[in-house]
Amino acid sequence: MRFRIYKRKVVILTLVVVICGLAFWSSGRQKKNITLQFSKEFPKEFEAVKRSSSLSSSSSSGTKINKPEVDNATLVYRGIVFQLNFDQTIRNEEKYKTRQKDDLVVVVQVHNRPDYLKLLVDSLRKARGVESILLIFSHDYWSPEINKVVASVDFCQVLQIFFPFSIQLYPQEFPGNDPRDCPRDIPKKDALKLGCINAEYPDSFGHYREAKFSQTKHHWWWKLHFVWDRVRALKDHQGLVLLIEEDHYLSPDFIHLLKLMKALRREQCTDCDILSLGSYSHIGYSSKANKVEVKAWKSTEHNMGMALSRETYHKLIQCTDTFCTYDDYNWDWSLQHLTVACLPSYWKVMVSEAPRIFHAGDCGMHHKKASCMPISQKTKIENILQSSGNQLFPKNLLITKRLPANGAGGVAPHVKNGGWGDIRDHELCKSYVRLQ
């Protein structure tokens, strides 16, 4: 009887060891495959990183330095991201060399939703005049599937940039998830006893940082600065930069509309800071397609399809400290705070009454639906556009409303959302303007 019990324990233990071994083998093989994929897609950058790694390892042999353990694949990713951001190789440049330096730049913030990114690329492909744009994909997650979608873009010039402080690049340390960080919901007094490294810095609600929420605001601010001040092809760019996200969908006339809005701003609204392709309310196109409104910018209405000039960017970047220390992990609510706390005056936005941008993503950060249905969203949006086809491409635009009335000001955020109390987030965010 005792022998049978021991035998059963041995069998169970053997199974556990085998399962663990398979898990480690699978993990290692996956990392090896991703590294191999990197070397295939970016051979020049991969070779440069390999040379750099071999030089540093040979020069440091014999010297032992205690550093946090970092997976070799992660170090390779970091090196390649640095190399790609330095090289700034523009694809299709020869094919579309008639593009002018001040033509529209479209910047897409990309995380890891390839199905929605495909829809966005499909909508861009159908846009009239798309061959004149520079399309920049700003990534905080590297994957072969996403790169495949980007590689399919053959209708305009393309540049990929990579947020260099992503969770993927720093999985076991700040700005990722450091195992020494405080648990989100631990009371501060208990955190101080525990000795976790950010015990002194909970947010306004007593919670500690969660990297998955902090990353989006970091990426947004880094991207804004990198595009305007670090992308060499845009050094003298005096045109518009349109900011969109991977789960947006654009109308075929969005470029045409932005040109009309830019001209109208110059003629009738020189104090308009932002041009917006539309809000979340899908108003019918009938009698609205050639109409715009001028109003105070609101994060809940005008955070989608924002086009801004270098002048607006310069005003924003002067508010770096305010943006980076405001206790809200949402970039758009942080901007809302700037409009009343730091900017010279509240933001005025010129917004299209009939939207030229749609939010296809049903399952974003704040949505808990059981399944995402990008194809059904595409059908829904295309039905709206097809039924309004004869309303697109208006000859001119008309300002129908000018709000706020004289004397009215910007709108303060109704509440802080927290999630941004950690001083490390503040300092990293502020450092982007100093990075070369």
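Just so you know, glycine gets a Cβ as well, placed from its N, Cα and C.
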| message | Can you find which of D87, D140, D190 TrEMBL lists as binding substrate at the same site as Q109, V110, H111, N112, R113, Q215, T216, K217, H218, H219? | response | D140
| said: Can you look up which of C272, C319, C372 is joined to C342 by a disulfide in TrEMBL? | reply: C319
| request: Would you list, in sequence order, the recorded positions among N72, C182, C196, D247, C324, C342 whose CA lies within 10 Å of the CA of R113 (substrate binding site)? | output: D247
| Assigned element (helix, strand, coil) containing H359 (Mn(2+) binding site), judged by DSSP | strand
| C-alpha spacing of H359 (Mn(2+) binding site) relative to C324 (disulfide bond), in angstrom | 27
| Among all the protein chains here, how many other CB atoms are within 10 A of the CB of C269 (disulfide bond)? | 18
| Rounded distance in angstrom between the Cα atoms of C342 (disulfide bond) and K217 (substrate binding site) | 18
| request: List the Cα distance (Å, whole number) between C272 (disulfide bond) and H111 (substrate binding site). | output: 30
